[in-house]
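These features come from TrEMBL:
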BINDING   GLY94, GLN95, THR96, GLY97, ALA98, GLY99, LYS100, THR101  ATP binding site
COILED    348-375  coiled coil
COMPBIAS  486-504  compositional bias 'Basic and acidic residues'
DOMAIN    7-339  domain 'Kinesin motor'
REGION    475-511  region 'Disordered'
REGION    524-566  region 'Disordered'
Amino acid sequence: MDAAEKKARAFVRVKPTAHFAQDMIKFGPDNKSIDIYIKKDAESGVVNNKQTDWSFRLDGVLHNTSQELTYETVAKKLVSEALMGYNGTIMCYGQTGAGKTYTMMGAAVDYKHRGIIPRAVQQVFKSIARSIDSFITVRISYLEIYNETLCDLLSTMTSSGASDVQMAIVDCPQGVYVKGLSVHSVSDEEDALSLLFEARNIIAEHTLNKNSSRSHCIFTIYIESRFRFLSDVRCVNSKINLIDLAGSERLSKTGSEGRVLKEATYINKSLSFLEQIIIALADPKREHIPFRQSKLTHVLKDSLGGKCNTVLVANICGEALHVEETLSSLRFATRMKWIRAEPVINVIHDSEGTVKTLEKEIRLLKQELAMHDSLANRSLVPYDPLTDVQVAEIKSQIHKYLQGAIDEIDIINFRQVQEVFRQFKLIVRQQEDEVETRLRSKYVLIDKNDFATIAAAQKVGIVDVDDHLWKRDDLGTRLTPVSPNSDEKKSRTSSEWSKKEGTRRLSSGRDLAAHLPSKSQVIIPTTNLNVKEKARNEDTANIDAQPSKPISEENSQRPSSPPSRAVAFEQFKEECGSEINRIFKENKSILLARKKRSSAVAQRINIIKWEIEDIKKALEAQRQERSQQGEYVDEKGRLIIDEEEFLLIMKLKDSKEEYRCSYAELQDLKAEIQYCQHLVDQCRNKLISEFEIWYSESFLIPTYVQNALKPSGNIRPGMIPINRVMCLEEDEQDRFERMQEAMLPAGPDSVSFYKAKMKTDQKHAYSRTMSSLKLMHKKPGRITTAGKDKALSFLHVT
């Protein structure tokens with residue numbers, strides 16, 4: 001944070017009105033100042049020292065601005081910094097009917113006119129979708145303060161009984177929190193907006209506003225980020241307080257009575273205490289800040305200035321009738337700018353990981369000491385980690401031990417034991433890789449659940465139609481059939497084969513056994529497969545060259561029993577489903593290429609991050625060394641640095657630029673991978689569904705039904721979807737979603753907003769219908785059948 005941003009910011013938003021007092025309210029050319037002029041009262045006499053003009057300097061004046069421009073000016077930067085770990089508070093202040101709730105909430109029926117809260121929720125989840133180096137969880141709460149009483153506006157959303165808990169404001173070392181306030185985890189924008197739209201704060205008809213908010217509402221977004229790529233696991237917490245204050249009013253002007261008068265008294269009292277807090281925070285000599293004067297100021301104890309980004313939006317009316325309230329709001333905004341704010345990132349290091357590391361080190365030390373005590377004849381045992389020279393010596397001893405050159409390996413501490421086992425594991429893994437490479441050079445592994453590949457194996461004669469496996473005898477060209485259900489034959493054949501092989505086995509039988517295929521796989525020699533594939537292609541070409549036979553001849557040659565699905569699936573891919581299969585293979589190859597490229601870019605990003613950390617450490621070391629030795633400046637007072645530090649600075653700059661480019665490339669690749677994966681899944685499902693239709697119509701439908709399906713048959717077209725073969729149209733759900741996104745006013749970004757609004761409207765309509773039904777049952781008399789059916793039909797629709 002630079003020096004220019006170490007104070008709270010204040011904006012003023014002018015409510016559009018047809019009776020705007022242009023002669024009294026003037027805006028500066030830079031839209032950052034506002035001047036108020038009042039004509040002198042002639043009845044006061046010649047001597048009249050009453051002030052008639054005022055000038056206020058703020059961070060911005062929002063006049064005739066859209067909701068989008070208001071959000072970008074007021075809240076967008078604050079929300080972005082909250083995602084980095086800084087706390088933030090946005091507060092709307094002003095008289096009743098000045099547009100505070102519209103600025104904060106907006107119009108719930110129109111996506112374009114939504115306010116700061118829905119837009120902040122959308123920005124948070126969009127940023128989460130683009131994030132790759134952290135796990136981010138989001139939670140929300142909604143607190144209402146009505147007549148100095150705390151209310152949870154989201155407590156009715158769950159059945160956990162949170163509304164029965166007595167709510168209280170509690171101070172703790174981490175800040176202020178409300179005991180008993182429900183905090184809800186949300187996974188996407190739609191969930192958060194659904195909770196927001198279902199909440200209902202207290203409103204009442206007022207002289208200045210028909211739907212006036214009679215309470216202070218605080219909507220809080222809690223963001224927790226856990227970074228996955230950093231060497232030390234850390235957690236960054238932040239929260240965004242979005243506050244819609246109740247409107248202040250002059251009782252002498254509004255003439256409120258009864259309940260509205262009582263509400264106005266509480267509202268004016270709490271706002272007066274809030275203004276006192278603002279004045280106290282702006283005074284650097286003030287030692288005590290009276291936060292406990294009201295519930296509102298107590299809740300906002302850690303949300304005004306200090307370590308929190310604070311923004312105030314003063315909503316005013318531009319009419320001459322409300323000039324006194326306008327002056328009061330502008331004075332409040334000016335005082336808010338006096339508050340000092342020095343935000344800091346709320347970083348919490350993962351104590352659990354540190355504890356686990358220390359516990360592991362303690363166990364190692366105990367094992368070292370136990371071994372040291374048991375070896376009484378050894379006076380000096382090193383307990384430090386092994387050096388590269390010691391590791392190389394252990395590796396050399398292990399190779400000599402395996403070759404038989406030595407009988408023992410010298411070990412004097414527990415770390416050497418661990419290193420010996422690690423080296424043995426590396427050797428075993430290397431031998432396993434060599435055996436696997438030799439097997440894969442001679443054989444092909446087939447999963448028995450892969451029907452398409454098994455069908456190809458059946459055609460080349462390696463697996464027969466009755467699911468018998470064929471394996472090589474003496475690694476020659478003679479093939480022996482083996483039934484999977486005949487264990488006796490298998491054991492006898494295996495024993496004969498092992499006797500014939502004799503000395504031709506591999507030198508390490510255990511290595512070979514460890515890499516033999518599982519029971520669900522078949523081994524196919526690649527040479528035989530290639531030869532059979534060529535023959536099969538030639539047969540297919542000959543069949544295509546033959547003239548087509550009459551339909552009656554084809555029907556007569558229809559097999560009495562249908563072929564297996566594996567064989568039929570291979571036939572379908574070559575004939576009717578060839579186009580879908582070709583598209584599927586092309587999309588899959590593109591997807592694999594994109595995934596491989598994405599993995600390489602992600603690895604490069606990690607390497608760049610590590611390099612940046614190393615460069616920063618080296619720079620810090622250079623600066624500490626320079627501060628200890630003394631700094632050199634030229635005749636103009638500029639700092640002189642050596643060539644090594646300059647090269648490190650330039651290298652850091654290049655690394656950051658490379659990181660930004662790689663990050664942008666990774667984002668593009670992620671979008672391409674998501675799109676390609678969708679295409680591959682769609683093609684796969686289409687291929688399987690079309691095969692099922694083709695298989696049923698080709699082999700399972702009786703002959704008389706086939707004849708009935710002909711143009712001269714007695715079954716009307718469309719009953720069995722024969723024409724769907726070779727069709728790549730999207731299904732009804734995909735078509736509806738695409739049409740919905742295209743027809744929405746703001747495009748795909750507004751889907752979550754309208755879905756949440758639709759769910760809320762359905763719940764409210766359902767509640768009203770249930771209330772009507774209960775009322776109908778309670779009333780004496782007879783319920784008409786039409787009315788009851790209408791209500792029940794509405795319940796069925798919702």
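Heads up, the Cβ atoms here are built off N, Cα and C, so glycines get one too.
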Which one, from the binding-site residues GLY94, GLY99, has the smallest tally of other C-beta atoms lying within 10 Å of its C-beta?
GLY99
So how many other Cβ atoms are close to THR101 (ATP binding site), meaning within 10 Å of its Cβ?
23
CB neighbours within 10 A of ALA98 (ATP binding site), counting all protein chains shown, number 27
Return the count of C-beta atoms lying within 10 angstroms of the C-beta of THR96 (ATP binding site), excluding that atom itself.
24
Averaging pLDDT over all residues of the coiled coil (348-375) gives 76
